[in-house]
């Protein structure tokens, strides 16, 4: 699910304004940053944790698989009905013609000779002459229809009831394998069925081809009115409408299984690409209320620069250290600070800005004690002196707040207004968005580099608390800890941190300009 920090700017909605000449890509940030090309995106559109896959919808890949499985169930029932309706004629053939030579009721020696040939050829062909037995072909078709019916029913039921098994990659791999096997078998069964219900399709070049063609040729040419027609012979030579429908449905089932394989592969790829928290298998409300629009967010930012928020009574250091600072001067109820340590310093004026994209920024806001003075996040000092690690004072280098610097927020805002005045055309809006995307990538790269140092310091701090002071692990971790602290105190680190502050202010200003222009257009 989404984990946007509190009061962070809402995602920009590309459907609010869509010029005809602009069609941003939806998956620009789907892969690695160094692989994907840099294309233009709407302002503040990059929230990878907010990209949700609604797999509960019928239009999603799993939903399409459910629809196709239903269609296969219906088509299997139709095939069973069509093929079963013609079995009676094959039973008649078996009882009257397999035993030997049978002629027509009348017609003289000519028809009698045809009757002998038909009785001999047809009876002999039911297993001895190399012909496909119509009864065997229809039985094969019915068996495959039954297997497809069972498989499609299992896929549909497991998907509709939303079982845990149907939400795994292994499940869709099984669907791919079963669909491929059944699709191939249905294709073979359909071809065999065509050969069985259409004897002329298999008689060319065979031993009894001329006899079968002579028997069935009378049904392919106009016959005289009133001529007696043997119904059994007619159904043997002519493809019935039910049989034609069964053939068409057989090929449609093959196409349906091919589509199931396609969407199952697509589902597996999406499950590999996105995290489980980004996939919704059940319909639910992600947000209780709609996020505020750009205008309200800008007003909140303006109001936040004037009023200092009320101090929290107790704040737990969630990122910088596992220790908690409370208003009464305790650190996890182990260390006490005198009252003069936080009442002797006057309250400085603090500019509080909202975080941009990184969820870690949520923990980087200035701290305030109950006495009203400003406190920066700091590492606690060790309970006792430890060799190899320098003492961490109250003003440690653990603060990662980018809202303080040599240049005030008002001065930065004036600079950005001169550089990025209000938008007056779509071309200018396109230029602003390209600048926003470029700045966003630079900001994310710098902030990721700074965050890595902070995370490593936090990890080493926890390890130092676990190791014995005399151990080699403790000394190695202490050396690395001190080295990273020197890195944080370097001019290069401070320059990057200040540059992140400027980039954040720039991106916020560009977003405001784009939002103002979009509201004017609407």
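Glycine is treated like the rest: Cβ placed from N, Cα and C.
In Swiss-Prot, the annotation phosphotyrosine falls on 402, out of 402, 467.
Checking 321, 358 against Swiss-Prot, you find phosphoserine recorded for 321. With respect to the membrane, Swiss-Prot annotates residue 133 and residue 237 as residing on a common side. Of all ranges given (244-265, 266-287, 288-309, 332-353), Swiss-Prot attaches the label transmembrane segment to 244-265. Ranges compared are 168-215, 360-407, and Swiss-Prot records region 'Disordered' for 360-407. Taking the Cβ of residue 490 (phosphoserine) as reference, no residue of its chain lies under 8 Å away while being at least six apart in sequence. Across all of the domain 'OCEL' (414-522), the predicted model scores a mean pLDDT of 85. Taking the Cβ of residue 237 (disulfide bond) as centre and 10 Å as the limit, one finds 20 other Cβ atoms among all the protein chains shown.
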